[in-house]
Amino acid sequence: MPTYEYRRPDGTTFEIVQRISEDALTHDPETGVPVTRVLFAPAVHYKGSGFYANDYGTQKGNRELEKAAEAGADAHDDKFRKQRAERQKAEAAKPAPKPAPKTP
C-alpha cells in the first residue's frame, strides 16, 4: 500500500499508509485539524541494462556498441539461414500429398 503525506495548516507534515481506493483524509486522525494531501512526483526506477546506452557516453563507447551489435546480428543471421536451409531440405524430402478423391 502506498504512503501518502499530508500537511497541517501550521506547515507540519505526517505520513499515513492508505489504500489507493480510499478517499484522501480531510482531518488529522490524531488531532482533528484539517489537512491537505501533499502531491509530489513519483519515483521512477529504470531497471536492467540498456537504458540510455546510445544517448550518453563517449563516441568510443558508441562505436564499440555498434560493432558488438553488428557482430551479434551477423551471428544471428547465420544461425537463421542455417535453420531455414534445414527446414527447406526437410520439406523437400517429404513426399507430395495425395490429392483428395473426387466425389460425384
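Cβ from N, Cα, C; glycine included.
According to TrEMBL, the protein carries these features:
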- 1-40: domain 'Putative regulatory protein FmdB zinc ribbon' (DOMAIN)
- 63-104: region 'Disordered' (REGION)
- 63-92: compositional bias 'Basic and acidic residues' (COMPBIAS)
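DSSP states for the region 'Disordered' (63-104), grouped as helix (H, G, I), strand (E, B) and coil, give 31 helix, 0 strand, 11 coil. Residues of the domain 'Putative regulatory protein FmdB zinc ribbon' (1-40) grouped by DSSP class, helix first, strand second and coil last, total 0 helix, 15 strand, 25 coil.
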